[in-house]
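Taken from Swiss-Prot, the feature substrate binding site covers Asp21, Phe22, Asn23, Arg37, His60, Leu61, Gly62, Arg63, Arg119, Arg152, and the record attributes it to sequence analysis. If you look up Swiss-Prot, you'll see Lys202, Gly294, Glu325, Gly351, Gly352, Asp353, Ser354 marked as ATP binding site, on the strength of sequence analysis.
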Amino acid sequence: MKKLTIKDIDLSNKAVIMRVDFNVPIGKDGKVSDDTRITAALPTIKYAVEKKAKVILLSHLGRPKGSFDPKYSLKPIAEHLKNISGLNVIFVPHVVGEEVKEAVKNMKVGDVLLLENTRFHPGEEKNDQELAKAWAELADIHVNDAFGTAHRAHASNVGIANFIPSVAGFLMEKEIDFLNKVTYEPDHPYVVVLGGAKVSDKIGVITNLLNKADKLLIGGAMMFTFLKAQGLKVGSSLVENDKLDLAKQILEQAKEKKVEIVLPVDAIVAQKIEAGVEKKTADLKDGIDDGWMGLDIGPKTIKVFEEALKNAKTVVWNGPMGVFEIEDFAGGTKAVAEMIAKIKGTTVIGGGDSAAAVAKFGLESAYSHVSTGGGASLEFLEGKDLPGIRSIADKKK
C-alpha cells in the first residue's frame, strides 16, 4: 500500500474528520434495512476511538438536490450506529456552521459526532473549497474510508485534503489492496466473469482486463449483444443494437491477445419478466424464438463456466448472470456465486448488483473481498485514477 493509512499517524487527542459511506437503504419504518456499509466502517471508527481521538463523521445518503430533505436525513443512521457499536454517537442536524463548531468544541475524547447528510449542502458535489475548508477547520486529520465515492471528486472526500492531511481508513486500504492486485498484479490463471445488462457499462473493464486476463466469461443480458454480433437469433432479449460492432471488435481483440472468451450455450427464456411465468431452456445455437427473451444462463452454460473456472488463481466477478431478483431467474447467478466461493485463490466481487447477489445467497464471507463500491470498483478495474484515492497522502519513499 503506497498510501498513508490511519495506522501511520498518531491520533491521540486529535480531532479526526472521517468520510464514511453510510449510503444505506432505509425501510418504510424509517429504520436502516441493510447495514452492510455501516458495519464495514466500524473497524476504522473504533480504532480511532481506541486511540483516543475525537471522531467527526461525514456521509451522504441518497441524492437530495443540495438542500434539506427529511427522507434523506442521517438521524436513523446515527441511532443505528449507536445501537450496533456501543459508542457514544451524537447526531448534529447540520452540515456545517456555528452549531457544528459548537458541537465539536464540546466533544470529549471517544465521542463520535455524525453530521447531517453532506449532500444537503449544494457545495458538496461541486467540491466547493469554502465548504471543504470549513470542514477541515474542525479537525487535525482527514480519514477517507468511503470507497463507494472514490470515483467522485466531492468536498467531503477530496476537497478537505487540500487543507489537512488525508489518510486511508481500513476499508479504503482493503479495497485498494485487493483491486490493485486484480487490476495490476493478478496470479494466473486469471478469469474475469462479467454480467449485468449492458456491454456499454463494462466496455472500459473489458478493454483494460483483456491485457491481463486468461479467460473472460460473459453472462447477464449483455451476452445477447455478443451472441447477436455472432449472427445468432436472440428473440426479444435485451440487445444494444448500437454496440454490435463493438462486440465484434472485442471478440477480435480477445483472439489477438489470446484471451479465451466463453459465451453461454443455453439460456432460461420466458415471455415476461415476472415470477411464476412459463419458462423453458433454449439452446443458443438454435436461437431464441421471437417473443421469448433470455433472463438467465442455462444448465449447460453453468457446467461450461464451472469448467472454465476450475484452476483459476484469480477471479473477478462483476454483474449478475440473470434477473436474480426473481427466484425463477436466479439459478445462474447463484451457481456462479457458489462456484467462485469454492475457489482457493484470490476472489473479488465487484460492488453493486454482484455484492447484493452474494449477500442474498448468504455467501459474503466466502470470498477474499466483496467491494463496497459499484461505480468506484468498475472505474478502478478500468485502470482509471480515482480522485478519492489520489487525494490520500502518499507514504514517504
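Indices start at 1 and increase along the chain as displayed.
Every residue, even glycine, has its Cβ placed from backbone N, Cα and C.
According to DSSP, Ser354 (ATP binding site) sits within a helical segment. Take the binding-site residues Glu325, Asp353: by the count of other Cβ atoms within 10 Å of each Cβ, the lowest one is Glu325.
Of the recorded residues, Glu325 (ATP binding site) and Asp21 (substrate binding site) place their C-alpha atoms 24 Å from one another. Arg119 (substrate binding site) sits 21 Å from Gly352 (ATP binding site), taking the CA atoms of both as reference points. Under the DSSP three-state reduction, Lys202 (ATP binding site) is assigned to helix. Of all residue pairs in Asp21, Phe22, Asn23, Arg37, His60, Leu61, Gly62, Arg63, Arg119, Arg152, the annotated binders of substrate, the farthest apart have Cα atoms separated by 18 Å. Per the record's binding annotation for ATP, residues Lys202, Gly294, Glu325, Gly351, Gly352, Asp353, Ser354 show a top Cα-Cα distance of 24 Å. Arg119 (substrate binding site) carries a helical DSSP state (H, G or I). Here the C-alpha separation of Ser354 (ATP binding site) and Asn23 (substrate binding site) works out to 17 Å.
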